[in-house]
Structure formats: C-alpha cells, structure tokens
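Below you'll find the structure, written out as structure tokens, and then a few comments.
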Ligand code: NAD
Ligand code: MG
C-alpha cells in the first residue's frame with residue numbers, strides 16, 4: 001500500500017472545509033488529516049478534532065485558540081493549538097503536509113497559498129480570491145516551488161476535466177473557455193428593484209449552499225467576475241477567450257470549445273464534493289458521496305445570453321473582470337479588495353445591494369496600482385484599496 005496523503009484543510013469549518021472532510025472521511029485508507037484551521041467557530045473545530053485527530057489546529061485569535069485548547073484538554077484530545085496568521089503559513093509549508101486544501105475566504109488566504117505553492121505542495125484551490133489577488137506572483141510561486149495547482153471551484157474543475165491532460169497542448173487546441181453561471185437568486189428580478197434586497201434574500205442561492213460572501217457574490221455575479229480572472233490565470237488563456245453564459249439549472253458546470261468548434265463539457269449534480277473528490281484523487285477518481293445525475297428526470301437545460309433580458313443592468317459587476325484583466329497589473333487585486341469591503345458592508349446593512357457595484361467602480365477609478373511583484377506589495381495594495389473602498393462605503397447614501 002502506498003502512503004496516505006497527509007492533508008491540511010485551511011478553513012475547515014466553512015462550507016468547502018466541511019465538504020472536504022466529508023469526502024476525506026469516506027477514504028480513510030487514502031487520506032490522513034494532519035492539520036485543521038478556522039477563524040472563530042471553536043465548537044465546530046472541537047468536533048472536527050475529535051473526529052479526525054489532527055496533530056495541529058489553528059484559530060484566528062488568541063482568545064479562540066485558548067478556548068479551543070481548554071476544551072481539547074477537557075476532552076482528552078492531544079491536538080496542538082496555534083494562532084493565525086503565522087501558523088497558517090507554517091502549516092501550508094510544513095514537511096509533514098502533502099496536500100493543502102485552501103478553503104479560507106478572501107485575500108486572507110493569499111499568504112498561506114503562496115507558502116504552499118513555494119513549498120511545492122499539492123494545492124487544492126477553492127479560495128479563488130487568493131489567485132485573483134496574487135495573479136502572476138501566485139503562478140510564479142507555483143512554478144518555482146514545483147507545486148501542483150488543482151482547481152476546486154466547480155467551473156474550473158469542469159474546465160480542467162474537459163481539457164487534454166497535457167497543459168502544453170492547450171494553447172494550440174483551445175478556442176475558448178465557456179463558464180456557466182446560474183444567475184443567482186435575482187436572475188428574473190427587475191433590476192430597478194435590486195436596491196431593496198436584504199442580505200437574507202441575497203444569501204438564498206437557488207442551487208448551492210455556500211458561505212455568505214460567495215453567496216452575495218453569486219447574486220451580484222461578482223463571483224463570476226472573479227472566476228473569469230481565476231480562469232485566465234489557471235488556464236493561461238487571453239481575457240477575450242473567456243465567455244460567460246447563464247445556465248439556471250447548474251447541471252453543465254462549464255465547457256471548453258476547441259479550434260474545430262467541438263465543445264467538451266462536464267456535467268453533474270450541483271454538489272461541491274465532486275470537484276473536491278476530483279482534486280483530492282486526481283488523476284484518479286474516487287467516490288464523492290454525490291447523487292448521480294438522472295437524465296430521465298431532468299426537465300431540460302436552458303441558456304441565456306448575458307446581453308439579453310436586462311442582464312447587463314442586473315449584473316453590472318461582471319464586465320469589471322475583463323476591464324481589470326486588461327488594466328495595469330494589480331487592478332484585479334484592487335477589484336477584489338473593493339468587493340470584499342463592499343460585501344461585508346452590505347451584510348452589515350451599511351450599504352444597499354446595488355451600492356456594492358458603486359463601491360467597486362469608485363475604488364477601481366481611484367486606486368492606481370504599481371505593478372505589485374511580491375507578497376508584501378500585494379498586501380500593501382490590498383490595504384490601500386480597502387481604505388479607499390471604505391471611503392466609498394461611507395459616501396453611499398442610505
Ligand atoms: P465559508 O465562509 O463557509 O468558510 C470560510 C472558512 O474560512 C471558515 O472555516 C472560516 O473560519 C475561515 N476563515 C474566514 N476568514 C478567515 C481569516 N481571516 N483567517 C483565517 N480563516 C478564516 O466560505 P466557503 O463558502 O467555504 O468558501 C471558501 C472559499 O471557497 C471562498 O474563497 C469561496 O469563494 C470558495 N468557493 C466556495 C464554494 C462553495 O460552494 N461554498 C464553491 C466554490 C468556491
Ligand atoms: Mg464557482
């Protein structure tokens with residue numbers, strides 16, 4: 001028997017983290033959980049430590065770490081408790097870890113992703129914001145560290161599954177990448193009424209159960225904008241080779257169109273355990289726990305153009321992806337920072353739903369990036385953009 005894959009799950013208490021542990025638990029002979037990290041949910045982390053017996057666990061604050069350490073001791077569990085952010089980088093690059101599941105939300109996951117990339121890990125990337133912010137710096141770390149970067153985002157997993165195995169052949173064969181988008185909860189809503197929607201309505205996604213930030217991003221379609229940027233970096237295509245089509249059923253997870261017009265797609269039920277299992281086992285295939293598609297029960301697959309039916313007005317943020325990709329290096333990091341600030345402000349009821357785009361637009365117009373080429377420069381740019389976005393939030397009328 002070959003050695004078990006030793007896995008660290010960064011963001012283990014979140015939606016992707018929990019789904020990852022669900023798949024891992026189905027294959028105890030293949031995987032060993034050696035480290036788990038979370039921000040604040042101590043009791044969820046305690047239960048995961050009891051179940052998976054990791055050597056190390058990380059919480060975001062000293063208070064949460066102390067509480068976890070006390071509860072682990074009371075339960076006779078030997079897991080060592082550490083504190084983010086330093087412990088995240090140390091785990092991501094530890095010689096005791098083979099595979100890092102990057103499932104933290106937002107730019108907070110960039111430093112551990114870079115650490116895993118430089119240490120040559122198998123890096124399973126759910127944390128799309130890290131690649132959007134890191135861009136070429138991230139890719140360079142992957143190359144120089146000899147890491148294996150595998151997409152977990154369902155669209156990018158679908159594209160990866162639809163591409164030839166040898167990346168050296170992609171450029172000559174691929175015409176375009178077609179990302180599907182469900183359209184989120186407001187696909188048929190009158191754009192003028194979007195100013196009234198609440199955080200609860202925005203987080204109620206029709207097809208997927210996810211964390212709150214990505215749920216809001218799905219409602220604005222900023223999630224798809226981030227995914228366009230993610231696809232550009234993962235697959236090395238030009239921005240104009242990436243297209244988005246609305247597909248409300250979320251059965252086709254994305255597609256690759258080849259030079260001869262042939263299209264290869266990946267289909268399945270909307271269950272994140274499928275791309276997670278693929279990333280964990282690649283190039284092999286293992287049971288994911290997901291229900292198989294029942295083609296006899298499918299009501300049909302439909303598609304809507306972004307240019308039709310008021311969608312440009314409904315999802316003004318989508319076009320920012322191509323704008324940011326064509327602008328100065330670092331612009332994608334500015335867009336991501338603005339969007340993180342805007343979404344948090346919307347969830348805190350400080351701005352309206354339609355003002356998320358105003359904040360993103362204002363921040364892009366105000367912040368000129370200076371070609372960031374190190375982690376420190378990226379984090380400084382991220383902070384500068386957040387400061388500017390916060391001003392834009394305060395300038396929003398109620
Ligand atoms: P979530 O909010 O459910 O979980 C986030 C996790 O990260 C939690 O464990 C939380 O404790 C941890 N975390 C948050 N902020 C942190 C910080 N500052 N420092 C350390 N840890 C922190 O989010 P999610 O839905 O699981 O999404 C995680 C990532 O995966 C996001 O980047 C999202 O875009 C991506 N993703 C999610 C889905 C999905 O179905 N949920 C699908 C595709 C991609
Ligand atoms: Mg996705």
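Placed from the backbone N, Cα and C atoms, the Cβ positions cover glycine too.
In the three-state DSSP classification, residue 13 (NADPH binding site) falls within coil. Sequence-distant neighbours of residue 13 (NADPH binding site) (same chain, 6+ apart, CB under 8 A from its CB) are 38, 39, 41, 44, 45, 48. The feature NADPH binding site is assigned by TrEMBL to 13, 14, 15, 16, 39, 127, 129, 211.
As annotated by TrEMBL, 1-deoxy-D-xylulose 5-phosphate binding site applies to 128, 154, 155, 182, 205, 218, 223, 224, 227. In the three-state DSSP scheme, residue 205 (1-deoxy-D-xylulose 5-phosphate binding site) falls into the coil class. Cβ environment of residue 205 (1-deoxy-D-xylulose 5-phosphate binding site): 182, 184, 185, 215, 218, 219 lie under 8 Å away, each six or more residues apart in the same chain.
The feature Mn(2+) binding site is assigned by TrEMBL to 153, 155, 227. DSSP assigns residue 153 (Mn(2+) binding site) to coil in the three-state reduction, placing it in neither a helix nor a strand.
Per TrEMBL, the feature domain '1-deoxy-D-xylulose 5-phosphate reductoisomerase N-terminal' maps to 7-135. The residues of the domain '1-deoxy-D-xylulose 5-phosphate reductoisomerase N-terminal' (7-135), classed with DSSP into helix (H, G, I), strand (E, B) and coil, number 62 helix, 27 strand, 40 coil.
Annotated domain '1-deoxy-D-xylulose 5-phosphate reductoisomerase C-terminal' per TrEMBL: 149-235, in sequence order. Looking at the domain '1-deoxy-D-xylulose 5-phosphate reductoisomerase C-terminal' (149-235) alone, the prediction's average pLDDT is 96.
Across the domain 'DXP reductoisomerase C-terminal' (267-386), DSSP assigns 61 helix, 2 strand, 57 coil. Residues annotated as domain 'DXP reductoisomerase C-terminal' in TrEMBL: 267-386.
Spanning the residues 13, 14, 15, 16, 39, 127, 129, 211 that the record associates with binding NADPH, the maximal Cα-Cα distance equals 18 Å. A Cβ distance below 6 Å to any atom of ligand 2 is met, among the binding-site residues 14, 16, 155, 205, by 155.
By the rule that a residue counts when its Cβ sits under 6 Å from some atom of ligand 1, the binding-site residues 13, 14, 153, 155, 211, 223 yield 13, 14, 153, 211.
On a Cα basis, residue 153 (Mn(2+) binding site) lies 14 Å away from residue 14 (NADPH binding site).
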